[in-house]
Amino acid sequence: MAGGSGNSDEELLRAVRIIKILYQSNPYPSPEGSRQARRNRRRRWRARQRQINSLSERILSTCLERPTGPVSLPLPPIERLTLDSAEDIGTGGTDPPQGTETGTGSPNTPEGHSTILGTGAKN
């Protein structure tokens, strides 16, 4: 799309055409026949759709050269990881949790939900 990426654009268009052909090659089954026959045809159609979906993902990931697995995030050393959120308040320029500056909670806090849930439980 920009500069010298014309070759990759052509590859992407080619991949999209292939995927379109794959989806067009698997039309929805006809509504004729007995209930069991229609159910079996739909079941087989869904199985083919799943295969086409996985093939399409593989084609696009190959074309775009994306990793198929999840991308790992860089984490700090295990010694620096804590479960106590009180240590994190005021460090690193992070915003304090809602309601700590003014002392009032917002309706989205768990306290607000417990009030709503409490009224329903009394009925």
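Each Cβ is built from the backbone N, Cα and C atoms, and glycine gets one as well.
Among the features that Swiss-Prot reports, compositional bias 'Basic residues' is placed at 36-49. The compositional bias 'Polar residues' annotation in Swiss-Prot covers 97-112. Feature annotation from Swiss-Prot assigns phosphoserine to Ser5, Ser8; the stated evidence is sequence analysis. Under the heading region 'Homomultimerization', Swiss-Prot lists 18-26, citing sequence analysis as support. Under the heading region 'Disordered', Swiss-Prot lists 24-49, 82-123. According to Swiss-Prot, the feature motif 'Nuclear localization signal and RNA-binding (RRE)' maps to 34-50. What Swiss-Prot lists as motif 'Nuclear export signal and binding to XPO1' is 73-84.
Cβ neighbour count for Ser8 (phosphoserine): 13 (other Cβ atoms within 10 Å of its Cβ, all protein chains included). Summarising model confidence by region, the motif 'Nuclear export signal and binding to XPO1' (73-84) averages a pLDDT of 71. When DSSP labels each residue, the compositional bias 'Basic residues' (36-49) comes out as 14 helix, 0 strand, 0 coil, counted as helix, strand and coil in that order.
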